[in-house]
Amino acid sequence: MARRQAPGTRERILRVASRLFQENGVRAVGMQQVVEEVGLGKSLLYREFDGKDDLVAAWLRESDTAWWAAVDAALAPHDGDPAGQLLALVELVAAAAASPGFHGCVFYNTSSEFRDDDHPARQEALAHLRRMHGRLETLAEAAGAAHPGALADELMLVVGGMYATGAALGPDGPVRAGVAAAGSAIARHCATGTERPGTARPALRDRALSDRALSDRRHERDTPQEDDPR
């Protein structure tokens, strides 16, 4: 009788591969390292995945699914308020980028590692980033932005900047300014005829500024104070 595979083997492989890919980069991780870290025979790994490209693509698809589930959960409390949902999406990115041990966005990182547009890893990564821009543009249009595509472009720049600075400079770096920058952009683009550009949606602007103020207070609290020289 053929041996039955232990339940959860695929998930275990993906969990280990995810950690290795994020910590070291995709190209730096070989299949033998995954085998050793998982603690299973190589035959079991190749029973689940045809090779490294297949494993990387599966990891990115799983990461994509998890991300959009998190987005839906973050946006749900702001149902009926697309401008608020835009800011909630940016807040979700900010929280991820400021989290301990953050190594950068897996999709931006992977797209940078693989420059061949025909490579499955790059295709999966770029598909996610295009979906991200599309979601931002759809929400921007629903929020009444005069130029939804332009607002989506600005917010993608904010998102990319938070991912990059969060990974490089940590939670006390420029990532702290991301939500406020996004709030200003949303308010500016979604100004109505009864509001001056730049002053639209004061509640949204105040929420973004409140997030920045809270981050600043945490930064001040956690920063060691120099002894009084007097």
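Quick reminder: no glycine exception, Cβ is built from N, Cα and C everywhere.
Note: TrEMBL annotation is automatic and uncurated.
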### Query
Which stretch, out of 10-29, 30-49, 170-189, is listed as DNA-binding region by TrEMBL?
30-49
### Message
Six or more residues beyond either end and a Cβ under 8 Å away: which residues meet both conditions relative to the DNA-binding region (30-49)?
### Response
5, 9-10, 12-13, 16-17, 20, 55, 58
### Query
Would you list the DSSP helix, strand and coil counts for the residues of the domain 'HTH tetR-type' (7-67)?
47 helix, 0 strand, 14 coil
